[in-house]
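Okay, so here's the structure we're looking at.
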Amino acid sequence: MKKYVLAFDQGTTSCRAILFDKDGKKIETAQQEFSQIFPKQGWVEHDAMEIWGKQSGVAREVLERSGVSTQEIAAIGITNQRETTVVWNKNTGRPVCNAIVWQCRRTADICDALKEKGLSDSIRKKTGLIIDAYFSGTKIKWILDNVPEARTLAEKGELLFGNIDTWLIWNLTRGKVHVTDYTNASRTLLFNIHTLQWDKELLKAMDIPESMLPEVKPSSYVYGYTEEHTFGGSKIPIAGAAGDQQAALFGQACFEEGSAKNTYGTGCFMLMNTGDKIIESENGLLTTIAFGIDNSVKYALEGSSFIAGAAVQWLRDELKLIYTAHETEYYAGLVNDTNGVYFVPAFSGLGAPYWDMYARGALLGLTRGAKREHIVRAVLEAIAYQTKDVLYAMEKDSKINLKSLKVDGGACANNFLMQFQSDILNVPVLRPYEKETTALGAAYLAGLAVGFWKEQGEIKRIQDIEREFRPDMEEEKRKTLYAGWKKAVERSMKWA
């Protein structure tokens with residue numbers, strides 16, 4: 001009897017495995033953090049072998065702790081940090097270098113060269129993305145141009161590229177399946193979201209052999225099966241995959257056009273479902289694929305802020321102003337405002353809607369009266385301001401006024417932040433009972449592919465809201481606070 005779906009949630013800082021039942025309830029979870037590698041200023045890397053080891057390890061741990069056998073698992077669904085780039089030798093199964101993480105800025109010069117060639121409009125129209133070091137395409141090019149023998153091996157057809165979903169599926173199937181889904185493909189800067197194919201002109205522009213690229217399939221689809229000995233017992237279908245933000249959109253049951261969610265993780269990511277329509281943003285947002293099921297693809301507008309929860313980690317690990325992330329709610333509540341302090345978390349540039357690779361972090365408005373509490377509160381408020389920037393752009397592009405915002409991710413547990421978010425947006429903020437919506441989205445996609453859930457309506461019926469935060473701020477105050485934020489952002493831009 002198939003009773004559960006196993007979700008792999010491979011994030012920027014940790015590998016997690018979560019077991020869900022038929023009601024979408026979390027049964028058991030396991031998590032392991034892995035190494036963050038910073039070889040040079042602005043560079044961020046991960047060890048892909050470590051990621052595979054820890055991801056398979058937490059999956060085994062979940063099965064052992066829950067006492068659930070592989071025979072009871074209907075399917076595995078995978079959600080992953082997007083854009084992070086792995087290139088490996090298909091004969092040895094080993095990466096040619098560390099994975100280049102989405103936050104890494106080393107390819108800024110390659111991006112500038114593509115812009116100088118006049119490719120910005122073409123890339124925008126074909127991929128829905130802008131030219132930025134964030135996306136996978138320039139990372140692949142950097143590896144081919146800089147890792148010894150990489151280009152030679154790639155041209156011989158011996159190297160494979162994948163984002164983390166592809167890397168995990170390849171390892172789970174012992175190298176039998178080299179595949180990705182529409183959502184992950186749409187984040188590479190190489191995938192045409194109109195034709196749903198790898199774009200030969202863009203591959204030529206970046207000098208990337210097509211033989212490296214995975215096959216692209218729907219987000220809800222049986223890609224292959226685990227080997228019997230991988231987790232002991234029977235083979236398990238690998239039946240769903242989606243980039244983390246699209247998985248969260250699906251996990252929040254944002255199936256209708258105009259519905260939106262914001263994920264508060266390492267970065268902050270807002271997606272709005274635009275249905276069958278590809279909306280080309282005029283306000284610095286990305287157009288991306290929301291999910292693909294059967295022969296139907298839904299699209300989304302996305303705005304991403306690179307740094308959100310990572311700024312709280314910085315308060316804890318570098319400034320030592322707090323011991324735990326949870327304390328930020330307490331300190332923020334000790335003061336009525338930030339005493340004029342603004343924080344711009346542009347540690348790795350600014351994302352939507354500014355897209356300034358050369359912006360840097362800034363703490364502004366400091367006086368002798370500024371205390372720890374003011375700085376902590378300013379960091380939390382910055383997360384909410386970035387979300388307002390994105391929502392304002394989204395409403396202009398889509399011509400849809402958001403009625404409510406669904407939220408998820410670690411920081412959505414912070415009641416101060418959620419209330420301030422509602423206040424500054426002037427819309428209700430809805431927090432679900434099940435906070436693991438990213439993993440849940442991967443589970444739903446996998447479960448639908450194997451008939452564990454029959455259709456999207458069944459998923460919608462099991463959704464529960466834990467708390468609704470309603471706006472409680474005067475319009476004049478909202479405008480004044482936001483004007484201060486815009487001024488602070490302007491000061492941080494074009495710094496490096």
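Note that the numbers count up from 1, one per residue, in the order the chain is shown.
Glycine is treated like the rest: Cβ placed from N, Cα and C.
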ADP binding, same site as Thr12, Arg16, Thr266, Gly410, Asn414 - Swiss-Prot member from Gly309, Gly365, Gly457:
Gly309
One of Tyr134, Tyr221, Tyr299 listed by Swiss-Prot as binding glycerol at the site of Arg82, Glu83, Asp244, Gln245
Tyr134
Near Gln313 (ATP binding site), how many other Cβ atoms are within 10 Å of its Cβ?
14
Go through the binding-site residues Arg82, Glu83, Tyr134, Asp244, Gln245, Thr266 and tell me which ones have a CA within 10 A of the CA of Thr13 (ATP binding site).
Thr266
Cβ-Cβ distance under 8 Å to Asp244 (sn-glycerol 3-phosphate binding site), same chain, at least six residues away:
Asp9, Gly11, Thr79, Asn80, Gln81, Arg82, Thr263, Gly265, Phe269, Thr438
Run through Gln245, Thr266, Gly410, Asn414 for me and report the binding-site residues whose CA is within 10 Å of the CA of Gln313 (ATP binding site), in sequence order.
Thr266
Looking at the binding-site residues listed here (Thr12, Ser14, Tyr134, Gln245), whose Cα lies nearest to that of Thr266 (ADP binding site)?
Thr12
In whole Å, could you give the widest CA to CA gap in the glycerol site formed by Arg82, Glu83, Tyr134, Asp244, Gln245?
15
Cα distance, Ser14 (ATP binding site) to Glu83 (sn-glycerol 3-phosphate binding site), nearest Å?
16
Neighbour-count leader, CB within 10 A, binding-site residues: Arg16, Arg82:
Arg82
